[in-house]
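So the structure is just underneath, and the comments pick up after that.
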Amino acid sequence: MLRELLLLALASSGLGFKLPSCRNPSECYEERMHPDFEPRIVSRAESSIPKGEETSNFWLDNAKTFVEEQLNRTMNRNYAKNVIFFIGDGMSIPTLAATRNYLGGEEVKLSFEKFPYVGLARTYAVDRIVPDSAATATSYLCGVKANYNTIGINAGVLLNDCNENVANRVTSIAKWSIDAGKSAGVVTTTRVTHASPAGTYASVANRNWENNVEMEEVCGADSSKLNDIAEQLVHGETGKHFKVILGGGKREFIDSKLFEKGRRKGGTIECQVDEIDRLLGLFTNGHMKFHLEDKKQKQPTLAEMTQKAIEMLRKDENGYFLFVEGGKIDIAHHDTSAIYALDETAEFSKAIELARQMTSEEDTLIVVSSDHSHTMSFAGYDERHGDIFGDTNKKADDEKKFLKLSYANGQGFDVYYNTKKNQRRNPKNIDRSSPDAVFPSTLPKESETHGGDDVAVFASGPWSHLFTGAYEQNVLPHLMAYASCVGSGQKSCDN
């Protein structure tokens, strides 16, 4: 108590002082875990702490408001005519926390963090503790867990099984919705044949079989019995019924001879949503550009694509299922490009906010989650409202500062560590002014890996209260199906 009073007195007087050193090995060990920092005496105008937070009343009022909101919340048991399912690929919980800071401060909320109900989903695959986007897509779209790198098939099928039993194939909630007389569509910032969107319509023993060339390299003559992912999107029992498909990946659909003798000129077509029944937009050969990379805004944003998809699908009086993926969050993390990753998360939040504004909570269920996490961590004891991409105010044991954001593995290792001298490079000497700048990683890897931790689930609209708790990821489509009365399982309409 005496020490606390001394610190308070010194702080109040505005005098500088040195914190007392630890007195024994045990105390030193504890203080290294929770280091003291010399208080900075600043004026109210200079403080980075939001006004009022230094008082008890601010936090008491904050708690009172939240308790009242919880008590006044009523369960929405309406029929979910429409379901919109947003997946932020690789959007880990640390990614959410860091993005708040990127958007203005730790107290900022992303649009979907305002949703009334939140849960946690376990993401592991049947054969891997850390999953990929193919196995997780099968889980959160088809309702069964699968093996690593496989899509739309259960774990009875192994990777690269060219003679897989069709009985092991599973269908997605998009197919269940179509079978119930609803419309369906897909929006993504990746290739539309990439693992996550492919989970809505494809069944393959290898996520890389996006076209026939990839499949034939593995299966040879057996490939004649199989359909690649692009083929299934165009002609498959689910894909051929989609009313809207927006994203990248033109290259997976273009025959090598398509441009010969003027068979195809390319270009764009202007159309009005109210004048067409279906809409296919493939805006790039591969994945779409990062938002910060597209300076001339030559491609639509995720929010713009989401808007057009909703405008198309809501023409169906029976309702719809729409899958929307913010897929470049994941790709940025794989490159340890934290700036891109957080900005893509912010863009993802904008799309969700727009979707909630365009729809009614009375009849439209919106669910937001991630397929898996990444190894990015958000560390240090820095002051509030600092540059999330900058270094901390304190030094590490090697007397060099360190960044708030770093990865467990990835290509950032060689940038931040001098292997010849066997020491860290000083981060202040490394240029991070470009949005594609890489961030530190503990060990070298050409592509950073996914993480195995749980991902958050946010829900708003009919039956959104069902999404609370901690559960297996594969229950998500079953909860959405229950709310929207589709599929062969339990339905709210049965009650």
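Cβ atoms are placed via backbone N, Cα and C, with glycine included.
Note that TrEMBL annotation is computational and uncurated.
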Identity of the Zn(2+)-site residue among Asp89, Asp127 (reference: Asp330, His334, Asp371, His372, His450, source: TrEMBL): Asp89
- line: The number of other Cβ atoms within 10 Å of the Cβ of Asp330 (Zn(2+) binding site), counted over all protein chains shown, is 29
Task: Residue list, the region 'Disordered' (419-453) vs rest of chain: Cβ under 8 Å, 6 or more residues beyond ends.
output: 90, 92-93, 123-124, 129-132, 290, 292-293, 333-340, 343, 372-376, 389, 391, 396, 398, 400-403, 405-413
Query: Near the Cβ of Glu325 (Mg(2+) binding site), how many other Cβ atoms are there if near means within 10 Å?
result: 30
Message: When secondary structure is assigned with DSSP, how many helix, strand and coil residues does the region 'Disordered' (419-453) contain?
response: 3 helix, 8 strand, 24 coil
Message: My understanding is the cutoff is Cβ-Cβ under 8 Å with a sequence separation of 6 or more in the same chain; which residues meet that for His194 (Mg(2+) binding site)?
response: Ser133, Thr188, Glu210, Gly249, His287, Gly327
- line: Same-chain residues at least 6 positions away from Asp371 (Zn(2+) binding site) with a Cβ under 8 Å from its Cβ, in sequence order, are Ile87, Asp89, Gly90, Thr123, Pro131, Ser133, Thr136, Ala137, Tyr140, Ser196, Asp330, Val455
Task: Sorry to bug you, but what's the C-alpha spacing from His372 (Zn(2+) binding site) to Glu325 (Mg(2+) binding site), rounded to the closest Å?
output: 13
